[in-house]
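S.K.: Sequence annotations record features per position, and here TrEMBL assigns signal peptide to 1-23. According to TrEMBL, the feature disulfide bond maps to Cys33-Cys48. According to TrEMBL, the domain 'Cupin type-1' annotation covers 60-217. The oxalate binding site annotation in TrEMBL covers Asn107, His112, Glu117. The Mn(2+) binding site feature in TrEMBL is assigned to His110, His112, Glu117, His162.
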Amino acid sequence: MASSPSFLLLVALLALVSWQAVASDPGPLQDFCVADMQSPVRVNGFVCKNPMEVNADDFFKAAALDKPRVTNKVGSNVTLINVMQIAGLNTLGISIARINYAPLGQNPPHTHPRATEILTVLEGTLYVGFVTSNLPAPARNKFFSKVLNKGDVFVFPVGLIHFQFNPNSHQPAVAIAALSSQNPGAITIANAVFGSDPPISDDVLAKAFQVEKNTIDWLQAQFWENNHN
C-alpha cells in the first residue's frame, strides 16, 4: 500500500518526538534556567530561579582548573564542574572536567550514563579506549583504542565503558573533558560491582565472572576509592 503524505508526516513527527524523549538533557525553552537549589520542588533537573534574582555569579566558579590536583591510589583525580557547582548550567546540557594522571595512573573503566564525552590532552600522553555494547556479532563488545599526545582529541560515546591510562612512568598527564549533560553521572565499573553498599551476593558475582567465591570475597574486601571530586 502506498504511503500517503499525511502518514509520512506522522511518522516524521513521531521520530522527532522519540528523539527528543531519549535526548540526554531537556532542551531549554528560555535563555537560561538557573537552578534554584533551595526549592522544595523536585523535577528532572532543577526548578528555575526567579530570573530577576539571577546575577553573573550564577554562571561563574573560580574553579582553578589550571592548578594540578593530588591523585588517588589509582593515579588520577577528576575535578568535575557540573550544575552542582554552577547553577547556570541547568538545562544547558554541558559540563566540564579536569583530569590529572600520575605517572602510570589511570581513570579506570567507567561510564557516563547521561553524556557523551570529548577529551583533549593538555600535557603528556594517554592511552584511551572504549568498548561497544552487547551488539550482535561481530560488533559485540568491540574495543576501540588510541594513544593520544598533547593537543589530541578523542570522543567517548554516551553510556559506553571507557578509560584513560598514562603509560609514562616518569611524567604526569593532564586532560580536559567536555560532557553533553549538566549532570553526566559516572559509574566506575570496579567500584559499582565490588564496592556496592550493601554488597552484591558473591554467588551472583562468582557465577557472572566465572571465578571462585573466595576471589569475589577478596575483591569486595578492598577499598574502592572514588577519584571524582
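Cβ coordinates come from backbone N, Cα and C, glycine included.
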S.K.: Cα of His110 (Mn(2+) binding site) to Cα of Cys48 (disulfide bond): how many Å, rounded?
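M.R.: Spelling it out, the Cα of His110 (Mn(2+) binding site) and the Cα of Cys48 (disulfide bond) are 31 Å apart.
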S.K.: For oxalate, what surrounds Asn107, His112, Glu117 with a Cβ no more than 8 Å from their Cβ centroid?
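M.R.: Going along the sequence, the neighbours appear as Ala97, His110, Thr111, Ala115, Leu119, Phe156, His162, Ala177, Leu179, Pro184, Ala186.
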S.K.: Other residues near the Mn(2+) site, CB within 8 A of the CB centroid of His110, His112, Glu117, His162?
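M.R.: In sequence order, the nearby non-listed residues are Thr111, Ala115, Phe130, Phe156, Leu160, Ile161, Pro184, Ala186.
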S.K.: Could you tell me the C-alpha distance between Asn107 (oxalate binding site) and Cys48 (disulfide bond) in angstrom, no decimals?
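M.R.: Approximately 34 Å lies between the Cα of Asn107 (oxalate binding site) and that of Cys48 (disulfide bond).
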S.K.: Near Cys33 (disulfide bond), how many other Cβ atoms are within 10 Å of its Cβ?
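M.R.: If we count other Cβ atoms within 10 Å of Cys33 (disulfide bond), we arrive at 22.
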S.K.: Whole-number Å distance between the CA of Cys33 (disulfide bond) and the CA of His112 (oxalate binding site)?
M.R.: 23
S.K.: Measure from the Cβ of His110 (Mn(2+) binding site) and count the other Cβ atoms within 10 Å, all protein chains considered.
M.R.: 21
S.K.: Express the predicted model's confidence over the domain 'Cupin type-1' (60-217) as a mean pLDDT, rounded to an integer.
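M.R.: Within the domain 'Cupin type-1' (60-217), the model's average pLDDT equals 95.
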